[in-house]
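K.L.:
One structure, as structure tokens, below. Some questions next.
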Amino acid sequence: MVLGQPFVGPHHAPSNTAPQFRCHRCLRPYRYKNTLRRHLNLECGKVPQFQCPVCPHRTAQHSNLMRHLRTNHADRLPVDTGTGHSFG
Ligand SMILES: [Zn+2]
Ligand SMILES: [Zn+2]
């Protein structure tokens, strides 16, 4: 289970503390500004539209759902028939 990232102890804090960008809506911390921008554009405040076909998990990004499937349901993935059909 990968939820969040382990935090380095204060005794080993570097001198240049990296600026953390925090979403003003949901207060999620982001290390990079464009990551926060992507979050704001694609995730924050949006209804998660991609429903996991195996469990009740939902996500706002298709790539996240694919990663979720590979991580949690690798043994349940449907066989890829190689039709080349892809979602826009
Ligand atoms: Zn947010
Ligand atoms: Zn699932």
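Glycine is no exception: its Cβ is also placed from the backbone N, Cα and C atoms.
Straight out of TrEMBL:
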| type | residues | note |
| --- | --- | --- |
| DOMAIN | 21-48 | domain 'C2H2-type' |
| DOMAIN | 50-78 | domain 'C2H2-type' |
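Set these features in their place in the structure for me.
P.N.:
Averaged across the domain 'C2H2-type' (21-48), pLDDT in this predicted model comes to 91.
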K.L.:
Taking helix as H, G and I and strand as E and B in DSSP, count the residues of the domain 'C2H2-type' (21-48) in helix, strand and coil.
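P.N.:
Computed counts for the domain 'C2H2-type' (21-48) are 11 helix, 4 strand, 13 coil.
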